[in-house]
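Here is the structure we will look at, set down as structure tokens.
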Amino acid sequence: MSFSFALLNLQQRDAVQTIHGPVLILAGAGTGKTRVITMRIANMVDQGISPENIVSVTFTNKAASEMRERITEILGKEKAKKLTLGTFHAFCMRLLRQHAEALGYKNNFTIYSQGEQISLVKKILARLLVKEENYDPSMALSRISKAKNAGESLGDPMQTVDGALQQLYTDELRAMNAMDFDDLLLNGVKLLEDHPEVREAVQGKLRYVMVDEFQDTNTLQMRLLRALVPPPHNICVVGDDDQSIYGWRGADITNINEYESFFPDPKIIKLEENYRSTTPILHTANSLIRNNVGRRDKSLWSRNAGQDPVRLVVTEDEKEEAALIADEMTDAQTKGEKWDDMAVLFRTNEQSRVLEGEFRKRKIPYRIIGARSFFDRREVKDILAYLTVLANPDDDVSLQRILNTPTRGIGAATAELAREHSIKKRTSVFAALKDPEFLENISQRLQVVINGFVETMESFRGQAHQPLQPLQPLAEKFIAEIRYMEYLEKQAKTPEDFETWKNGVKMLMQSLTGYDERAKGEGLQGFLDETSLNDDREEKEDITKKTGVCLITLHASKGLEFPYVWLPGMEEGILPHKRSIDENRKDEERRLFYVGITRAMRKLTISHCRYRVKWGQKQTCMASSFLQELDRQYVEEFDHAAYMNEDLDKDDATDFMAAMRRQLMSEA
DNA sequence: GGGGTGTCGATTTTT
DNA sequence: TCGACACCCC
Ligand SMILES: Nc1ncnc2c1ncn2[C@@H]1O[C@H](COP(=O)(O)OP(=O)(O)OP(=O)(O)O)[C@@H](O)[C@H]1O
């Protein structure tokens, strides 16, 4: 046997040894659910099941690669490599890359993430009507997404804006051979539900299914599982209803209840011992989550009494809060703790700015997890748009982004002409650019420019499709060819701007190099898939690998653990967030807080400010209403602002005494 | 068509 | 405070 049951308690062992039939593991935070999945996979392989027949779905790609790492340690690389591990979206994406044609797409479809979705919606809205004020594109998008998930329509396209928008959005995506994140699931489901030959092939291969973080699955994902798993229902799901924090994205806790109706008579396993946190931390977490109505109570305990109470600190403002955290970290580090073992968890990405500033100032090494901000940088978006068009020339949105970047004289008017022509001819915009009938109607000068652009694109498209072509050198050559760096230099208002952009390009090149070295033979398409699905494997190679304290949102922290945790900004309006209060979703915010608390292993510090600068304006902050729900048995409260003031007074006093002394001395 | 300036408005969370 | 976008001049 390649692993030891000694690492598991009785209930965990039960779960690990029940290989056939449905299994439902419902258990609180830190009870070893993820460990059970990992060990269960190892045990199955030990029992002679081939790793190719096992699929395990995780919530993030990061969680997937961590799981693969752990399994590699137990089973070795050869076997671990053969497992199917990833998110629902990644799973569907791979399926669709093979079978998209069955659904009328081409296999080189583009995956649209939020930025591209929004720019498409904006464009449709602008064209569609109207400048209806307060028609928020991202709100519209989330309505579309909800409707898609529920399989509904937003109303008659002739009657409502939403209806028209949804139809145009859907049609245009399809015309561009593009799918958004919901389409990946939707089309994955279609493939399995409506195409028996595909379904049977997949079912024949993936005979054992496991799902982590089941409480955050949505309707489409549940449908996918039903289509994927035939009787005798070899499906094991694990989850914790108290940690469901993605309701805003369509996650549906009722999936837990419905599980039993789709996969009858499951073995139900409860885990109650928490191996992660000390009693003070766990007790505090329990006292909070009890306030959610309609929740099923569960017991959760730890045999680790711990050394430290949970601390609840109030500071004057967000700068003082950041300084306090930095102080405490430095202190702990001096006493021998590792930076890697410390983390700050916050509600909104924006909160990390103050912390970053403070850490930089004090030279505390830090890493920011999850933030996609790198891919939102203009220089990165530009180059990715180029690469995207090379992979899928039908992608009009990406094409529009690059058509005049760098400036080459193809302005908005020409782009609109091309678009109109493409509609008339029912082709893509790129095809329109090549059409002699289109070129006829524009100036000589423009014809030359457009021909040049098309030629460059097609030449590089050919090269990118050479088998085993390394991407980084090709991209480098391409950037030189279109004179992109020269363009950036010209655009930059200050030399620093240019430096920053140059650096962005360089980092993108590094991730291409990383991809080339991993040589998976999936070419340009593979690279783009990884970036749009937020697969951070390549990041691991350079950015994240650096050690340092961890800055991360509460949402992204799910499933992780740290010996030292700080939860700053616990104020009404931040957690619970204002929008959530308005939309009556405080319960989910409470769960978010619960997730945050239960990430801590040994030491937890919760803090809030009296004032906070927002949009350059000092604002009074109220402590989060959740704080009064925390049982104080193990909580130590501390008014840091008052302490600082005292300190000031003390300084004043010493100064005063010194002045007195000086005066007395000089008089004497 | 390109580039500069000024005003207004906005911040939740992510596959 | 910062970025998106509208508007204006070259
Ligand atoms: N039987 C056990 N004995 C000792 N330690 C364990 C045992 N089971 C799990 N652990 C440890 O407890 C910690 C939490 O485990 P794990 O991450 O699997 O929990 P989880 O239930 O997935 O948590 P969460 O739902 O909060 O993400 C890990 O550090 C793990 O190594």
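Yeah, the Cβs are placed from backbone N, Cα and C, and that goes for glycine too.
As the structure is a computational prediction, the values presented were derived from the model and not from experiment.
If you look up TrEMBL, you'll see A:Ala27, A:Gly28, A:Ala29, A:Gly30, A:Thr31, A:Gly32, A:Lys33, A:Thr34 marked as ATP binding site. Annotated domain 'UvrD-like helicase ATP-binding' per TrEMBL: A:6-278, in sequence order. Taken from TrEMBL, the feature domain 'UvrD-like helicase C-terminal' applies to A:279-559.
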Which of A:Thr31, A:Thr34, all binding-site residues, has a Cβ with the fewest other Cβ atoms inside 10 Å: A:Thr34
Binding-site residues close to ligand 1 - of A:Gly28, A:Gly30, A:Thr31, A:Lys33, A:Thr34, only those whose C-beta is under 6 Å away: A:Gly30, A:Thr31, A:Lys33, A:Thr34
Set of same-chain residues at least 6 away whose C-beta sits under 8 angstroms from A:Lys33 (ATP binding site): A:Ile25, A:Ala27, A:Asp212, A:Val238, A:Gly239, A:Asp240, A:Leu271
Packing count at A:Ala29 (ATP binding site) (other Cβ atoms within 10 Å of its Cβ): 24
Listed in sequence order, residues not in A:Ala27, A:Gly28, A:Ala29, A:Gly30, A:Thr31, A:Gly32, A:Lys33, A:Thr34 with Cβ within 8 Å of the centre of the ATP site Cβ atoms: A:Asp240, A:Leu271, A:Asn274, A:Arg276
Secondary-structure category, per DSSP, in which A:Ala27 (ATP binding site) falls: strand
Cβ contacts of A:Gly32 (ATP binding site) (under 8 Å, same chain, 6 or more positions away): A:Leu8, A:Asn9, A:Gln12, A:Leu271, A:Tyr275
Local Cβ density at A:Ala27 (ATP binding site) - other Cβ atoms counted within 10 Å: 23
Same chain, 6+ residues apart, C-beta under 8 Å of the C-beta of A:Gly28 (ATP binding site), given in sequence order: A:Asp240, A:Asp242, A:Leu271, A:Glu272, A:Asn274, A:Lys298, A:Leu300, A:Thr598
A:Gly30 (ATP binding site) CB neighbourhood, other CB atoms within 10 A: 24
A:Lys33 (ATP binding site) - helix vs strand vs coil (DSSP): helix
